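Here TrEMBL flags 175-484 as domain 'SAM-dependent MTase RsmB/NOP-type'. Feature annotation from TrEMBL assigns S-adenosyl-L-methionine binding site to Asp296, Asp329, Asp353. If you look up TrEMBL, you'll see Cys403 marked as active site, nucleophile.
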Amino acid sequence: MKFVGYEKLSTLKLYTKYSNFAKKMKKWLDTLDVNLIECMYDNKRLEQKPSLEKDSIPKLEKLQNWFGSVPRFTTIRTNPATGSSDTIIEIIKTQLQEQAASRGRKTLPEVKQDPLLKDCVVVSCWDEQSMNSDRQSQEVIVDVKCGVAILRGADLFAPGVIAMSSETTIGSKVSVYADLAQKCLWGRTTPYSDLENKMFVGNGIALMTRKDIFAGSTKDRKTGRAIEMTDIPSRVSSISLPPKYGILQNYPSILCSHVLNPQPGDIVLDMCASPGNKTTHLASLMKHEGTLIALDRSKNKVEKLDLNCRLQGCDWVRTYAYNSIEAVDKQKISNIDGPPPYPKNSFDKILLDAPCSALGQRPHINTSMTAKHINSYPIMQKRLFDTAVSLLKPGGVLVYSTCTILVQENEGLVEWALNTYPGVIELVRADPLVGSSGTEWPGSQLTSDQRKCLQRFGPDLSQDSIEPHQSDTIGFFIAKFRKIPT
Ligand SMILES: C[S@@+](CC[C@H](N)C(=O)[O-])C[C@H]1O[C@@H](n2cnc3c(N)ncnc32)[C@H](O)[C@@H]1O
């Protein structure tokens, strides 16, 4: 059977799913200070306050489509210390050729260097003819998070498997489904019958048996690849590289560390660092010289951060499990040797990649978040920001970023920061600028020049002046501040 393409295949499915998601979203919008949809799509109408019901449905649908689809490009942040982008491009091309040969595909995805970021390689998706969407009789069920990772080009690893047909052996062809309702019992052997909540995420080949995955105690359980995904409806290229050469990272996240632009010898703080994708990038941009301190709230998360630093050759980075809100000691005047808290005015550069509602992650196929939950983020973000301002040296640079499209966590935070710290911090251009300017909303005090300093990635990013891989990304926001020298 010829594959009809992810959009056609899944839109219907996603629409039915999204009728719930849309209801939920409307509920959030009703409780938010700022109306997301209208802010994003039509500022003039917002001033006249039309009702969401009457006028905003097409906009809501556009937003749902954006949330429900997968960014078509795979971006890889390369590690210049271990190999040039050219070397990595060759490795990726060889991988794609091998995949094409084993899966009978004729046309290869394009692999190229990003024209702006020298440490970013871009891989397009497979063409529409390439995918086999025939449903296999043997099925594997995964959770939503795992389903999303598969749609974005990941293979399926053993811990993500919830259920597998009993007859599956190594080499069996299987169809993989995400359990949207999260009701499938772990270890189930018979086909999962909740057709309404079972979303097809692709076909693959089993590399493990049921016994490998489900037998034994939790600690003995296997962690490796359980299914090699061969045909996924999003058609996104699946690349696997040793971490020392490069890692998969979303385009705006790669850009974000370039906006901070740390230099060799700088004293840099990454306040919310785990799993360390940006930390390791900052280390690479610093050419592994200087001081880089990376904090995250919990011990588990810092273990993950440590592992990634090790795998990417950055074990010189100092990591601590610490609540960054409390990372400043206003009485302390000594240096920054040792663990936090640190004295005021200690860092040349600070990255605050804040915890956020993550309403920029795509595809967003299910959510359990409530409006109350969403509205709690700006409170935490402001407290982290207070600490960042305190820890920054006069003349130092602070980059604030999120992976959400919600105005209240982005432009709203910037406006609050400028009002709270007049004469202390100033907004500067978040160069290199790729995303669109900041959004305006009724009562917003940000000037047009200030909004042009910001960059936002989301459903409204125009493709006119930028490349498709720079606009078809997750939602993201970047603001850059400088502490005014006294
Ligand atoms: C957006 S993620 C960071 C992603 C990371 N910068 C990267 O690029 O790999 C936000 C992180 O903030 C951490 N976090 C949340 N509250 C925190 C706090 N008060 N102090 C330190 N870390 C915190 C979370 O544990 C989470 O790992």
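Numbering starts at 1 and runs along the chain as displayed.
For all residues, glycine too, the Cβ spot is worked out from N, Cα and C.
Here the binding-site residues are Asp296, Asp329, Asp353; the one with the fewest Cβ atoms within 10 Å of its Cβ is Asp329. Looking at Cys403 (active site, nucleophile) and Asp353 (S-adenosyl-L-methionine binding site), their Cα atoms lie 9 Å from each other.
Screening the binding-site residues Asp296, Asp329, Asp353 for a C-beta under 6 A from any atom of ligand 1 leaves Asp296, Asp353. Spanning the residues Asp296, Asp329, Asp353 that the record associates with binding S-adenosyl-L-methionine, the maximal Cα-Cα distance equals 21 Å. Around the residue listed as 'active site, nucleophile', a 10 Å sphere centred on its CB holds 23 further CB atoms from the protein chains shown. Taken together, the residues of the domain 'SAM-dependent MTase RsmB/NOP-type' (175-484) have an average pLDDT of 92. In three-state terms derived from DSSP, Asp353 (S-adenosyl-L-methionine binding site) belongs to an extended strand segment.
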